[in-house]
Each structure stands twice: as C-alpha cells, then as structure tokens.
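Inspection log for the structure reproduced underneath, given as structure tokens.
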Amino acid sequence: MTERTLILVKPDGVKRALSGEVLRRIEAKGYTLVAVELKHATPELLAEHYAEHVGKPFYAPLVDFMLSGPVLAVVAEGERVIEGFRSLAGTTDPTTAAPGTIRGDLARTWDLPVIQNIVHGSDSPESADREIGIWFPAL
Ligand code: CMP
C-alpha cells in the first residue's frame, strides 16, 4: 500500500552537508519526494513533534540540538515507505547502526548529552499523519 512518511535531516546532517546524500538514498531506493523544505524548528513545534519525549532526561538537550540550525523536512511516498525508510536510517544509536545504513555509514557517537543521528523517520502510519501535519500543515 502506498503511504507517506515524514523524514527530517536534523541539524547535524544539514551542517555536515549530508542533505543531498540523504535525499539521494531516498530516491535511489525508489521512493518519491513529495515535499522538501529547509525549516527552522521552534520550541512549540518540537514539543508537538517530540510529545512522547517531553519530560525525559534528554528532552532539553534534544530541543537545544534541534534548534541549533536548520532542518530539512521531507515527505516521501512509496510502498511501505515508513518501515523502508527506518531500515535505510538504521538504529537510533549510530555507534551500532549497521553499515550500509545512513546512521551506520555517516554518524557516530559524540560525547554530548543527546544522540546526534542525522535523520528522523516516522515510526508508524499514525505518527506519519501526525508529523506531516506538524511540519507541512498545507499537505
Ligand atoms: P529520534 O529517534 O529521531 O527521535 C528522538 C531523538 O532523541 C532520537 O532520535 C535521538 O536524537 C534522541 N535520543 C533518543 N534516546 C536518547 C537517549 N537515551 N539519550 C540521548 N538522546 C536520545
């Protein structure tokens, strides 16, 4: 079934000039880009996007990190793209993310209070609908 997912190239990825590499991998896999926009997050937007993490110990550093520079927000479409992009991204911890994945190939662990792992991808159809509405209200 064709579906859509919300992908973010986080500030670490944008700063390291990896936006094109991430878009290349999405397209090379055969997914379609529906929307691509460089955006600056706000604390309010992040509180919605990361609602499940509000109150966790890493929430404040996560917000600081996500406000530290622009984010490339992307909507991609394709058969099982939600699961497919999470597979392309690799696991949350970049140290152990499998080689061949975005995080496994391009990210590492730094001695920082928050994990910097280049990309975000929605984790379910419900999250995708919610997150696309947050980042692209006109879609
Ligand atoms: P992501 O899974 O895209 O969304 C939540 C983010 O919070 C995650 O990427 C990491 O950037 C960060 N994160 C998740 N768990 C931790 C943790 N235990 N310590 C620090 N940062 C985390």
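Backbone N, Cα and C define each Cβ position, glycine as well.
Because TrEMBL annotations are produced automatically, they should be read as predictions rather than curated entries.
TrEMBL lists His120 with the feature active site, pros-phosphohistidine intermediate. Here TrEMBL flags Lys10, Phe58, Arg86, Thr92, Arg103, Asn117 as ATP binding site. Taken from TrEMBL, the feature domain 'Nucleoside diphosphate kinase-like' covers 2-139.
Feature map: TrEMBL annotations on the structure.
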residue: Lys10; record: ATP binding site; DSSP class: coil
residue: Phe58; record: ATP binding site; DSSP class: coil
residue: Arg86; record: ATP binding site; DSSP class: helix
residue: Thr92; record: ATP binding site; DSSP class: coil
residue: Arg103; record: ATP binding site; DSSP class: helix
residue: Asn117; record: ATP binding site; DSSP class: coil
Quiz item: Taking Lys10, Phe58, Arg86, Thr92, Arg103, Asn117 as the record's ATP-binding set, what's the max Cα pairwise distance in Å, rounded to a whole number?
Solution: 21
Practice problem: Taking a cut-off of under 6 Å between Cβ and any atom of ligand 1, tell me which of the binding-site residues Thr92, Arg103, Asn117 pass. | Solution: Thr92, Asn117
Practice problem: Determine the mean pLDDT over the domain 'Nucleoside diphosphate kinase-like' (2-139), rounding to the nearest whole number. | Solution: 97
Quiz item: Counting across all protein chains shown, how many other Cβ atoms sit within 10 Å of the Cβ of Arg86 (ATP binding site)?
Solution: 20
Self-check item: Intrachain C-beta neighbours of Arg103 (ATP binding site), sequence separation six or more, cut-off 8 angstroms
Solution: Ala89, Gly90, Thr91, Thr92, Pro94, Ala97, Asn117, Ile118, Val119
